[in-house]
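Student: This is the structure I have questions about; it appears just below.
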Amino acid sequence: MKIIADENMPYVQELFGDLGIIETVNGRSLTAEMVKDADVLLVRSVTQVDASLLSKNSQLTFVGSATIGTDHIDTEYLTQRQISFSNAPGCNATAVGEFAFIAMLELANRFGTSLKDKVVGIVGAGNTGSAVARCLQAYGVEVLLHDPLIEKSDPRNFVSLDELITRANVISLHVPITKSGEHKTWYLFDESRLNSLNADTWLLNCCRGEVVDNRALINVKQQRADIKVVLDVWEGEPNPMRELIPYVEFATPHIAGYSLEGKARGTYMLYQKLMQVLGKKEEKEMLALLPSFWTEQLTLTKEPSEKALLQLSRFVYDLRDDDALFRATLLEDPSKKAPVNSSNNNGFDLMRKNHKHRREFSALTLATTGQSEVDWLLNLGYSGVGR
């Protein structure tokens, strides 16, 4: 069996090595010729899997995408070809949720305010949006949800987008990209909607770059410095508008979901599905893949303040590091930029490929004196806290 896998997908050798010959490739430059003799194809969101890519292959049995979304996969075509397909919904939801929560803590610290006093509107209440909500609700922050696709079948309370924008002073975006239809998300936040944001609103985009009109965002930010922005995703990736970067408080290269746990979970979910397709018993465990955290545990002597919670979060992931690297790579240091016309696209893809794979809150064990008032840290995701 020949397995072709994206070179940036972790633990492929550990999980699939016993099943056949593995060839790793650059997902952006994959061609029909390169996959013509593949039995299994493992990709990420940077690879379009369609009739064109598979035109020379007559033996493919399984396509796996270590992603939440499937907009890069022609699933109808795979069904016609009777090629099994699986993605990994929710694999990085915890990572995205914690990323957004940490970004909000960083904004609160930078601008001398309290996250706990904010009203956070979450646009898109699927896996990642719900993960953000869990973090915020564990900390005691008021959360508003907007998701017209699931509100009729979901018992949670939802509000309209207009109401959310009116009431919220933090907005976090977690929707798939949809270019047409009643609930189109392409340029969901256009210039008009951006201008309608409350004074001092924080806007975070951790889903798809084109959900926010980036050119319009520049125009609005030039007039409204009160709006604070966190962008992990960019219109036109992997070539973001460099002129937008100075207007963004925290800028990262589409790595919100890049926790070690999340990336391992995505690959592992594909391993589980392929074993089902092959009719084989699973022989690998995901937790066995993960290294030990750098410290066994930290001891809390009292309930942490918001500043202490930020410091605790920085033990697991310091967002400032990725922000500084992003700016240095795309704006400042020519030595960090890839050659013109290279597949690394001036460093954006290179940053993703070389990301240090942060850990999730669960990797850090907290010891306490047993006080029940820190139980909320367990709900936030840390291990070993509370009663």
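Positions of Cβ are set from backbone N, Cα and C atoms, glycine also.
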Student: Using only what Swiss-Prot says about substrate binding by Thr67, Tyr258, identify which of Ser45, Ser86, Ser292 is listed for that site too.
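Tutor: Substrate site check in Swiss-Prot: besides Thr67, Tyr258, the record includes Ser45 out of Ser45, Ser86, Ser292.
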Student: Tell me, how many other CB atoms lie within 10 A of the CB of His254 (active site, proton donor), whichever protein chain they belong to?
Tutor: 23
Student: Tell me, in order along the sequence, which recorded positions from Asp147, His254, Tyr258 have their CA within 10 Å of Glu237 (active site).
Tutor: His254
Student: Taking Cα atoms as reference points, rank the recorded positions Thr67, Arg208, Tyr258 by distance from Asp147 (NAD(+) binding site) and give the first.
Tutor: Arg208
Student: Around Arg208 (active site), which of the listed recorded positions (Ser45, Thr67, Asp232, His254, Gly257, Tyr258) come within 10 Å, judging by Cα atoms?
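Tutor: The recorded positions close to Arg208 (active site) (Cα within 10 Å), listed in sequence order, are Asp232, His254.
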